[in-house]
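Following: one structure in structure tokens, then a few remarks.
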Amino acid sequence: MAGAIPLAYQNSSASPSWLNKGDNAWQMTSATFVGLQSMPGLVILYGSIVKKKWAINSAFMALYAFAAVWICWVVWAYNMSFGDKLLPFWGKAKPALGQSFLVAQSELTATAMWYHNGSPEAPMLRPLYPAATMVYFQCMFAAITIIILAGSLLGRMNIKAWMAFVPLWITFSYTICAFSLWGGGFLFQWGVIDYSGGYVIHLSSGIAGLTAAYWVGPRSASDRERFPPNNILLVLAGAGLLWLGWTGFNGGDPYSANIDSSMAVLNTHICASTSLLMWTLLDVFFFGKPSVIGAVQGMITGLVCITPGAGLVQGWAAIVMGILSGSIPWYTMMVLHKKWSFMQRIDDTLGVFHTHAVAGFLGGTTTGLFAEPVLCGLFLSTPESRGAFYGGDGGSQFGKQIGGALFVIGWNIVITSIICILIGLVLPLRISDEQLFIGDDAVHGEEAYAIWAEVELSDVTRHDESRHSGVAVGVTQNV
């Protein structure tokens with residue numbers, strides 16, 4: 001009878017002694033949660049939060065990026081992010097496709113710590129599942145990063161230029177930040193904390209998105225003046241997938257179904273809820289009525305802010321971080337952006353700079369304040385890690401968090417600019433004015449809603465706008 005049992009259910013090469021099926025199941029489930037944030041989460045959100053004529057193009061930018069990152073990831077980018085060191089900030093490029101590599105036990109390169117004299121401070125840890133699971137999990141993070149970046153470029157970037165931009169940015173920007181902080185690179189060795197991507201994903205995509213928006217140029221004047229969501233209910237559906245998907249986003253980063261994973265999940269939802277409520281209260285206080293789009297933005301800033309410290313802070317700190325993430329990005333988007341002429345000249349379609357860069361920087365620095373020593377001991381390799389709030393060497397941790405953020409900001413400004421300039425030598429970065437006027441039908445030959453055939457019987461953009469006076473309407477309140 002034993003011979004009739006498939007190998008997968010035997011203690012054999014398909015189920016080795018080091019494999020923990022609970023950890024493996026949780027890690028793959030977490031990866032799938034993160035994947036659902038992009039596909040269909042951000043595909044739905046992007047396709048619904050833009051003007052009707054850009055619904056197809058916006059959704060397709062996310063869909064294409066999700067597929068393109070997969071191929072880049074397994075052919076060269078995974079090992080550039082998590083493989084053998086080439087430079088202090090970069091791994092060696094090679095495929096993650098071989099059977100011998102994928103079925104072997106995975107490794108956490110960002111757990112081996114070294115003293116300045118070269119002697120080991122902490123050993124490298126090995127999660128209890130195969131490398132194939134780790135490749136899958138980390139690929140979902142790479143994919144959502146570039147899709148978040150796309151939010152700054154909706155409604156005007158040449159789709160062919162975007163198709164070239166994705167692999168170049170993943171290769172020369174994302175892998176650098178990932179290796180430096182998560183792959184055992186110099187920022188990790190220095191002690192910068194990024195629990196689940198506040199810097200690698202959110203600060204990076206927010207700064208790169210703003211930089212790319214500068215080089216691509218603005219939308220058409222009419223789109224910048226009036227850019228209403230074409231389906232707010234579907235915006236909420238996409239936002240819901242984003243919110244609940246964050247359970248895997250932060251809950252999967254202890255790389256095990258352990259106590260710290262539970263803490264990360266709980267703090268994630270505490271901070272997001274607090275931030276959403278804070279943003280909504282500010283909308284009501286200053287504009288007289290709550291904005292659904294504003295609530296979504298507050299939700300996102302809360303999720304972003306808690307990410308770099310999700311499993312490292314206490315519940316009360318998650319509430320404090322939520323209050324900050326619901327107010328500071330609100331101020332930079334709704335007040336400061338309108339007063340700063342430089343920001344006015346850059347057309348960041350969805351305000352990704354505010355919701356991801358500002359909130360990601362805020363989360364990273366507050367992690368340097370509130371990281372709790374016992375929780376740090378559950379996750380970090382470096383002993384006695386703590387935030388400034390807990391005394392000891394915590395003050396230096398706050399400084400390290402600022403230093404790590406400055407590297408991520410500087411690298412993304414420079415590399416994103418170089419990529420855009422090089423692509424611009426071959427392809428126009430911006431859609432032509434004629435196509436900008438028409439939208440999806442000109443770019444793709446398709447329309448999101450073909451109910452009215454050639455003539456729309458109703459155009460929500462023609463409704464009386466006086467009732468919106470003083471209220472945050474749409475996504476881009478920067479004009």
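Cβ atoms here come from the backbone N, Cα and C positions, even for glycine.
The range from 357-382, 435-460 that TrEMBL describes as transmembrane segment is residues 357-382. Sequence-distant neighbours of the transmembrane segment (134-154) (same chain, 6+ residues past either end, Cβ-Cβ under 8 Å): 27-28, 30-32, 34-35, 37-38, 42, 46, 50, 54, 57-58, 61-62, 65-66, 69-70, 72-74, 77-78, 81-82, 96, 102, 106, 127, 162, 166, 169-170, 174, 178, 197, 200-202, 204-206, 208-210, 212-213, 216, 249, 252, 255, 348-350, 352-353, 356. Counted over residue pairs 6 or more apart, the CB atoms of the transmembrane segment (357-382) and the transmembrane segment (25-47) come under 8 Å in fewer than three pairs, which marks the two as apart. For the transmembrane segment (166-193), same-chain residues at least 6 beyond its ends with a Cβ under 8 Å from one of its own Cβ atoms are 64-65, 68-69, 72-73, 76-77, 80-83, 85, 88-91, 109-114, 138, 141-142, 145-146, 149, 199-200, 204, 208, 308-309, 312, 364, 367-368, 371, 380, 382, 385, 396-397, 400-401, 403-404, 407-408, 411-412, 415-416, 418-419, 422-423. Long-range neighbours of the transmembrane segment (59-78) within the same chain, counting only residues 6 or more positions beyond its ends whose Cβ lies under 8 Å from a Cβ of the stretch, are 38-39, 42-44, 46-47, 93-97, 135, 138-139, 142-143, 146-147, 150, 153-154, 157, 159, 162-163, 166-167, 170-171, 174-175, 444, 448.
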